[in-house]
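Some features that TrEMBL has for this protein:
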- 372-393: region 'Disordered' (REGION)
- 48-70: transmembrane segment (TRANSMEM)
- 76-97: transmembrane segment (TRANSMEM)
- 118-136: transmembrane segment (TRANSMEM)
- 142-163: transmembrane segment (TRANSMEM)
- 175-192: transmembrane segment (TRANSMEM)
- 207-232: transmembrane segment (TRANSMEM)
- 244-266: transmembrane segment (TRANSMEM)
- 286-309: transmembrane segment (TRANSMEM)
- 314-335: transmembrane segment (TRANSMEM)
- 341-359: transmembrane segment (TRANSMEM)
Amino acid sequence: MERTQELYVNDDQNIEANLTGQEEMNTTMKIESSSVPQSKNYKKWLRIFIYVFFVLACQALSTILGRVYYENGGKSTWMGTLVQLIGFPVLFLFRFFSRIKNSKSTDADYRKFSSYTILGSVYIVTGLLVSANSYMSSVGLLYLPVSTFSLILASQLAFTAFFSYFLNSQKFTPFIVNSLFLLTISSALLVVNTDSETTAKVSRVKYVIGIICTIGASAGIGLLLSLVQLILRKVLKKQTFSTVTDLVAYQSLVASCVVLIGLFASGEWKTLTSEMENYQLGKAPYVLTLASIAISWQVYTIGVVGLIFESSSVFSNSITAVGLPIVPVVAVIVFHDTMNASKIFSIVLAIWGFISFVYQHYLDEKKLKTSHTSSVGDPHLPVEEGHTNIQSV
């Protein structure tokens, strides 16, 4: 009997010891598992911070350097267009190193694609549109002060909402209507106020041409963003990292070829040698300025694409919108652009329009996430179509 009691006691002790050991192991595993996501979270926010810096810094830098090129003797609008696009090989490097870090390759997405003819047509159509937008923005930057150019170009958000209404079933909510109204008034103030902006360097006719080209570029960007959203949703039916990166890179390749044809067809290539020799800052700064513009535009694109996949397209659009008013402020410091009352009022209206636009897309994404969560719990609930929003490509 005592022997039996001893066995029970020993068994109880062994069970308690096992339970204690198991609890310690579970606690250790919990601590280790909690530390892993925390370290991953830090890395994610570090990447987001880097991409935000890329967008804000390079957006302002590329525009300012473009004006520096024209201010110091650069006259070729085709060259000013080409440097916006020719740095596209950087995107392939970015995609290559990103694919190395990710164990799951996304190349299978394209092997599964049914028609390479459709894929090529997408690249050509978007590439032609990109080349037209880049050329018009180059002409606008040549004839307009940087601050005026940037504020008019900010109306691209209004054009994006307008074209998305027809192409992507974008609803005209009160916030979108408010954004359209404010951004339109903001640009109209600068268009009307032409007398105070014209200088001895630029005639009134060229100034008007600059305004028309900038508005055209802004409308073209809005059409491109809405069209890309439609293509990703209806044609490619994929929104993976490789799909978006390849779309941006190959459309830049097509656009670069188109601009090169324009450069040689116009005969401007013949003047590039004398332009470099007569550049006010010297030959080396001439090459350095053009190279810096090319790199900064592609780094900006990397930041936009990176923010889409690290956070969301709404956040990427938000950072882009925040960066647009920075350029006029920098232009006042660097080029001593006039900052009259109408231009200050235009900046205030533009920022107000940005906030209204971004807030509406925040509501759209929040609604999309809610409907997606509900569809996981109840597969019969439909997810609302028309709010898949990759617009910062």
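Backbone N, Cα and C define each Cβ position, glycine as well.
Pairs of Cβ atoms less than 8 Å apart link the transmembrane segment (286-309) most often to 48-70, out of 48-70, 76-97, 118-136, 175-192.
Panel annotation: around the transmembrane segment (244-266), residues 76, 78-79, 81-82, 85-86, 88, 91-92, 94-95, 98, 110, 122-124, 126-128, 130-131, 134-135, 228, 231-232, 236, 301, 305, 308-309, 390, 393 of the same chain, lying at least six beyond its termini, place a Cβ under 8 Å from a Cβ of the stretch. A contact between the transmembrane segment (207-232) and the transmembrane segment (48-70) is absent, since fewer than 3 of their C-beta pairs, 6 or more residues apart, lie under 8 Å.
Put simply, of 48-70, 76-97, 118-136, 142-163, the stretch with the most CB pairs closer than 8 A to the transmembrane segment (341-359) is 142-163. Between the transmembrane segment (142-163) and the stretches 48-70, 76-97, 118-136, the greatest number of Cβ pairs separated by less than 8 Å involves 48-70.
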